[in-house]
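Structure record follows, encoded as structure tokens.
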Amino acid sequence: MSDAEQSNEPIATPRGQAALLGPVEVRALAEEFGVRPTKQLGQNFVHDANTVRRIVTTAGVTRDDVVLEVGPGLGSLTMALMDVVDRVIAVEIDPNLAARLPKTVAERAPELADRLTVVEADAMRVLPSQIPGEPTALVANLPYNVAVPVLLHLFASLPSLRTALVMVQAEVADRLAADPGSKIYGVPSVKANFFGEVRRAGAVGRNVFWPVPKVESGLVRIDRYAEPPWPMDEKHRKQVFAAIDAAFAQRRKTLRAALSGWAGSPAEAERRLLAAGIEPQTRGEMLDAAAFVRLAGGE
């Protein structure tokens, strides 16, 4: 650990640049403040500066964006974001990490410290009223055990979010970006596509994390529809999502059978399917988000 780190003095950096965290700094911070990554919170800290810079570049955020970061951890990605944008709102569930992050930023990027706001909250339950301002972009290394519900909750709760670039487990990334008809297409695929266009945006190696995870990681990008093709209000979204859940709850059954409970009977399910222009013998994995919207009666 350097003298500057030991004395908690600000580290001298070029104006507008943060001293990003490397493996030594990540482990030192964790040890100094008793932070131990927990499986329960899905914590794996990125310690590679090139990786976090690549994430920021891939996200395509600019100075005017208000970036929401979920699970900032020790601040690796946070400080890379602060190099580029004027405002970062970091939502952290771990009180120790939430308390430490502003201090780390003040030490390693003192001239950028006023760009950061930390919100101690559970991202799966955080309310718009808890988040200052209107975030335009979500850029995050999401906790892998709750990545999909967090992503969907934030897009549903924060209509100001125009785009997201998130790092998740590679298998989850593939499912989110899957096309109708593929074996991995399912509930996450359709629900994410309800909000916008979804695509894979790259892979991330295991060796950039501490501790090293047992799974591969990938980047996913979601761009919210500039002109929503269907209503996005909560009532309509819940109706559509209920149809999606029912269709995939019994994945191998035809939609006529799978949707019988949702519709009230097989006959009513068939009537609704035909009214939406969907063949009743089709399976849910063949339908895109637009088809589920028609089925729920909201297009």
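From the backbone N, Cα and C atoms, a Cβ is placed for every residue, glycine too.
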Notebook entry, point to check: Swiss-Prot records ASN44, VAL46, GLU92, ASP122, ASN141 as S-adenosyl-L-methionine-binding residues. Which of GLY22, GLY60, GLY71, GLY75 is assigned to the same site?
Noted result: GLY71
Notebook entry, point to check: Which residues, sitting 6 or more apart from ASP122 (S-adenosyl-L-methionine binding site) on the same chain, put a CB under 8 Å from its CB?
Noted result: ILE93
Checklist line | In three-state DSSP terms, the structure that VAL46 (S-adenosyl-L-methionine binding site) belongs to | finding: strand
Notebook entry, point to check: When you measure from the Cβ of VAL46 (S-adenosyl-L-methionine binding site), which residues in the chain that are at least 6 apart have a Cβ under 8 Å away?
Noted result: VAL52, GLY73, SER76, LEU77, ASN141, VAL208, PHE209
Checklist line | Reduced DSSP assignment, GLY71 (S-adenosyl-L-methionine binding site) | finding: coil
Notebook entry, point to check: Tell me, by DSSP, whether ASN141 (S-adenosyl-L-methionine binding site) is helix, strand or coil?
Noted result: strand
Check: Given the binding-site residues ASN44, ASN141, which one has the fewest other C-beta atoms within 10 angstroms of its C-beta?
Finding: ASN44
